Amino acid sequence: MTAFALGIGLSFVAAFGWGTGFITYKIGVKSTDPLTATFLRGIVAIPLIILVSILIYGVESLTIFFKGEARLWLALSAITITLGDFFSLFSMKKLDASIAQPISAIYPLFTNLILLIGGIEKVTLQIILGTLLNVIGAGIISFQTNRKDKNGIEKSLEEKRSNLQGMIFAILAALAWGFTIVFTKILLSFDGINVIPMLGIRNGIMIIIAGIGIIISLLKRKIQKIDKKITNKKDLLFLTIGGIVTWGAGGISFFTAVTLIGAARSTPISSISPFFVLLLGSIFLKEKISKLQLLGVISIVCGSILLSI
C-alpha cells in the first residue's frame, strides 16, 4: 500500500473515530460539566497512550518534547486543543450532537486559512470551493437549528439564545482545532518526534489543565465535594470510551495521515465525521434530522471530499 493510499485510509478512520467519539461524549456530558468531562475522558486514554509510546519508542520519545523549539509548538498545540475540546463539549450541552458536530467540523476552513496566510502549504481554487461548501453547510444547519425545534415548531427567544450560544461555541471549537492542526503539523516535523508519544504528552497536558480548572472551580464554590461531579458511572464510562476512541483511533490515525499526505488533504477528509454523527445520533440518541440539516451535512461532506481530491 502506498503512503498516499494509507494516508487517505487513515483520514477516513479518523473521521469515523471522531464521529463515534462525539456520540459517546454527548451521552457522557448530559449531567457532567464540560471541564470535568474533559478531565474524565483522559483518565484511561492518556496512561494507555503513554504506555504504548514507551513500549514502542522508549522513554526518550516522551522527553524529547521538552527540549528546544519543540516546547513552544507543544505548548501552543496543547492550549488550542484544550480550548477546542472544551468549546466542543460545551456546545453539546446546548445542541444535539447531530447539529453541534457538523458546525464544529468546519475546522478545515481555519486550517487552510492559516496554511495560506502562513505560506505553509499551497491553497488552490479547489480548496477554496471545498471550503465554501463546508461553510454553506454549517450555515444551513445553524439557520435551521436556531429557527425551529425537532418537531418543526418555532422556538422561544430563550431557546434561540441557548442554541445561538451552542453554535458560537461549536464555531470557536472549529477555530481552535484549526490552529491545533497547524501547530501539531509543525511539531511533528521535528526529528525524533512521533505521533503516539505526541498525543500522550499533548493531551496529557490538556488533562492537567482541566484538572487544575476543576480544583479552582471547587475552591471558588467553597470546596464542594468532588464526588458529586463524578457519581454518575454511566457518564464516566462513556466519557472514558470516548477518550479512547477519539484520541486512540481518531487522533493517532489522523496525525499519522498528516505526516503521510499533509494537513491540507487529510484535514478535510477527516471532517466528514458529521455523516457518522448524523447516522449514529439518529440510531442511538433518537435525534430527529430535518431535511435542511441533512442538506447541510451533505454540503459539508461534499466540500470535504472536494478538498481531498
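Counting begins at 1 with the first residue displayed.
Even glycines carry a Cβ here, placed using N, Cα and C.
Nobody curates TrEMBL annotations by hand; they come from automatic prediction.
Here is what TrEMBL records for this protein:
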- 6-142: domain 'EamA' (DOMAIN)
- 165-308: domain 'EamA' (DOMAIN)
- 6-27: transmembrane segment (TRANSMEM)
- 39-59: transmembrane segment (TRANSMEM)
- 71-92: transmembrane segment (TRANSMEM)
- 99-117: transmembrane segment (TRANSMEM)
- 123-143: transmembrane segment (TRANSMEM)
- 164-183: transmembrane segment (TRANSMEM)
- 195-216: transmembrane segment (TRANSMEM)
- 236-261: transmembrane segment (TRANSMEM)
- 267-285: transmembrane segment (TRANSMEM)
Any contact between the transmembrane segment (39-59) and the transmembrane segment (267-285)? By contact I mean 3+ C-beta pairs closer than 8 Å, pairs at least 6 apart along the chain.
no
Under DSSP, the domain 'EamA' (6-142) has how many residues in helix, strand and coil?
115 helix, 0 strand, 22 coil
Tell me whether the transmembrane segment (164-183) sits in contact with the transmembrane segment (6-27), defined here as at least 3 Cβ pairs under 8 Å among residues 6 or more apart in sequence.
no
Sequence-remote contacts (6 or more beyond its ends) of the transmembrane segment (267-285), Cβ cut-off under 8 Å?
8, 11-12, 14-16, 18-20, 22-23, 26-27, 96-98, 101-102, 105-108, 111-112, 130, 134, 181, 254, 257-258, 293-294, 297, 300-301, 303-308
